[in-house]
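According to TrEMBL, the protein has these features:
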{"type": "DOMAIN", "residues": "61-268", "note": "domain 'ABC transmembrane type-1'"}
{"type": "TRANSMEM", "residues": "7-29", "note": "transmembrane segment"}
{"type": "TRANSMEM", "residues": "61-84", "note": "transmembrane segment"}
{"type": "TRANSMEM", "residues": "96-120", "note": "transmembrane segment"}
{"type": "TRANSMEM", "residues": "145-168", "note": "transmembrane segment"}
{"type": "TRANSMEM", "residues": "189-212", "note": "transmembrane segment"}
{"type": "TRANSMEM", "residues": "252-271", "note": "transmembrane segment"}
Amino acid sequence: MGKRNIITILLFLLPAFFYLSFLFIYPFLYGLNLSLTDEKGNFTLENFIRFFSDPWDANTIWITLKIAIPATLLSILIAIPLAYYMRHGVRGEKFVTLLLILPITLGSVFIAEGMLTYMGPNGWLNKLLMFLRITDKPVKLTHNYWGVLIALIIQGFPFVFLMLLGYISGIDPNLEKAASVLGANRWHIFWKVILPLWLPGITMAMSLNFVMNFTVFPSAVLLGQPSGPTRVISISAFQWAFEKFNFHMSSAVAIIMGIVELIFILIVMFIRQGLYRGSTVAGKG
């Protein structure tokens, strides 16, 4: 490779370098520095000790996990059969895909407001259930755990679906035909052929969706009980920063969030390696 080619490649990489530097590397290092210092700039671990020694704050990790993990798993379980069914294209695929990914364009606040209108005590859903005499009183689906969970699934499913559909669409259909010729039924084809090749995409979608769910904030405030059962860790970080104006403590909470997310991703990757070891490259070729 000539010197001119190397310079050209480096020039093309410059925008990515500046993007990562200003929008990720610098904010991360700045936040890490804040979390490890006190107001006088002295090194300390007191911010982390203070977080874990206070049950009101430390418990937010488990509260967030109890919301984020089920929301992630349910999104994956709903998306897998749909993506599998649509992998080779179906009639009206573009219209169906548009409907499925519509929540992405709405935003979490708009979805929360819509849920309050539709699923609230005086919402259309409860009115319909009472009209059909399925229930005598409104079903509480908002301002609690279930409201936040449903909102996260609505927001996360389109993202997961698109990732899984894109990944499975790249698996060579001739592999299925070959397995069928050799006598494998649909279940064995899925379990022995499709799933091993699909697993990297599934684990990637699961990891990214968990990160999105673990950082939940608007849904927990608008659809949950932010001072009680749905006081997630992002609310703790917000309160330390903008109510108590302790940005050192808030940064420590943010670092803890990142560590928990990293641990989850490592666990998912470890499980994936235990389930299947082999080539993950596939194409329609």
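Each residue, glycine too, has its Cβ placed from N, Cα and C.
Counting only same-chain residues 6+ beyond the ends of the transmembrane segment (7-29), none has a CB under 8 A from a CB of the stretch. Highest Cβ pair count under 8 Å relative to the transmembrane segment (96-120), across stretches 61-84, 145-168, 189-212, 252-271: 145-168. A Cβ distance under 8 Å defines the sequence-distant neighbours of the transmembrane segment (252-271), meaning residues of its chain 6+ beyond its ends; these are 31-32, 34-35, 47-48, 50-51, 57, 61, 65, 203, 206-207, 210-211, 214-215, 233-234, 236-237, 240.
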